Amino acid sequence: MHNAFTFDTLVWDWPIAVYLLLVGISAGMVSLSLLLRHYVPTEYHGSNRVIKATAFVAPLAVILGLVILIFHLTKPFTFWYLMVFYNPTSIMSLGVMLFQVYFVVMLLWLITLYHDAWLTQLEAIWHRPALAARVRKLTVMIVKKAAVIENLLLVLAILLGCYTGFLLSALKSFPLLNNPVLPVLFLVSGTTSGIAVMLLASAWGHNTSGNSLSLHFIHRVETPVVYAELFLLLAFFVGLLLGGGKKVVAAQTALTGFWGAVFWIGIIGIGIVIPAIANRIRKPSAHSGKGQLITLAVMSLFGVFLLRLFVLYAGQMTVA
């Protein structure tokens with residue numbers, strides 16, 4: 001196990017996997033919440049439990065992810081330079097720019113959802129009618145552009161989900177990481193993590209009957225997402241095995257030994273196959289089997305984290 005986590009070619013270690021997981025959760029939850037607007041419009045509101053979870057978890061996950069990334073750098077206190085001076089040829093710099101735009105648009109989206117409660121609290125705290133009136137006027141302008149904000153945020157969330165894969169694929173000296181399938185794979189697995197956290201949030205309270213259509217939609221999306229993830233994993237490794245040379249070596253190294261066990265048992269078995277089978281035989285009710293729902297969601301989330309860990313470590317074991 002020591003060799004699996006410590007080797008000469010290791011550049012990025014486990015904190016980056018946590019960062020990738022958190023960003024994927026944020027992108028996945030935001031994407032799914034915005035899809036509710038189109039597919040379950042009657043439950044697209046701020047009091048919906050899954051949207052509440054997104055409003056809390058999505059920005060927090062991005063902040064925590066950035067904090068992990070910043071302090072993992074060699075010179076963490078120079079990170080502000082990346083946030084001010086952009087380099088269009090650097091994948092890291094482009095990612096920072098994407099994070100900033102995504103976060104600002106997400107805050108605008110949250111204003112469109114919770115503007116009434118936010119303004120009421122603000123007026124109660126400030127006791128300055130003139131300033132409160134200006135803020136209310138600005139808020140009204142933002143709310144009028146809600147549809148534009150939502151569409152833009154959906155695009156940004158998809159780009160952010162893909163970016164986590166592009167970040168690793170930029171390490172061109174590693175055949176397993178320099179793979180065009182990786183961004184799409186991370187986008188889809190990020191959606192899986194978003195589904196898992198939403199289901200955990202729905203199981204947190206005692207009454208979910210008011211959001212039954214939302215939960216039904218999430219469960220309905222879950223199955224095709226799992227199939228897409230399996231297909232992308234197959235395409236990922238078939239591409240490596242047919243690529244010849246070091247790509248074959250990278251695939252064989254990843255699928256055997258310690259990381260091979262992590263892949264087959266942890267990612268495929270615990271993270272994908274068992275939850276998929278359990279969901280197939282589970283009664284299609286949003287209110288039954290809360291304990292089972294939590295267990296399966298945790299298993300899926302664990303599988304997504306293992307996938308990030310697997311790609312990160314196994315991907316750096318073979319150099320071109």
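FYI, residue positions are counted from 1 along the chain as it appears here.
Any Cβ shown, glycine's included, is placed from N, Cα and C.
TrEMBL entries are annotated by machine, without manual review.
Under 8 Å from some Cβ of the transmembrane segment (16-38) lie the Cβ atoms of residues 44, 48, 50-51, 53-54, 57-59, 61-62, 64-65, 68-69, 72, 106, 150, 153-154, 157-158, 160-161, 163-164, 167-168, 186-187, 189-195, 197-198, 214, 217-218, 221, 304-305, 308-309, 312, all in the same chain and six or more residues away from its ends. Feature annotation from TrEMBL assigns transmembrane segment to 16-38 (among others).
Taken from TrEMBL, the feature transmembrane segment applies to 50-71 (among others).
Long-range contacts of the transmembrane segment (91-111) within its own chain (CB-CB distance under 8 A, at least 6 residues past either end) are made by residues 30, 55, 58-59, 62, 66, 82-83, 118, 139, 142-143, 146, 149-150, 152-153, 156-157, 159-160, 163, 166-167, 170. The transmembrane segment annotation in TrEMBL covers 91-111 (among others).
Nonlocal intrachain contacts for the transmembrane segment (146-169), taken as residues 6+ away from its ends with a CB within less than 8 angstroms of a stretch CB, comprise 20, 23-24, 26-28, 30-31, 34-35, 37, 91-92, 94-95, 98-99, 101-102, 105-106, 108-109, 112, 177-180, 182-187, 190-191, 311-312, 315. Under the heading transmembrane segment, TrEMBL lists 146-169 (among others).
Among residues of the same chain six or more beyond the transmembrane segment (181-204), those with a C-beta under 8 A of the stretch's C-beta atoms are 20-21, 23-32, 49-50, 52-54, 57, 158, 161-166, 168-169, 211, 214-215, 218, 221-222, 225-226, 228-229, 232-233, 235-236, 239, 286, 290, 293-294, 296-298, 300-301, 303-305, 307-308, 311. If you look up TrEMBL, you'll see 181-204 (among others) marked as transmembrane segment.
Among the features that TrEMBL reports, transmembrane segment is placed at 225-245 (among others).
According to TrEMBL, the transmembrane segment annotation covers 257-281 (among others).
Summarising the annotation, TrEMBL assigns transmembrane segment to 293-314 (among others).
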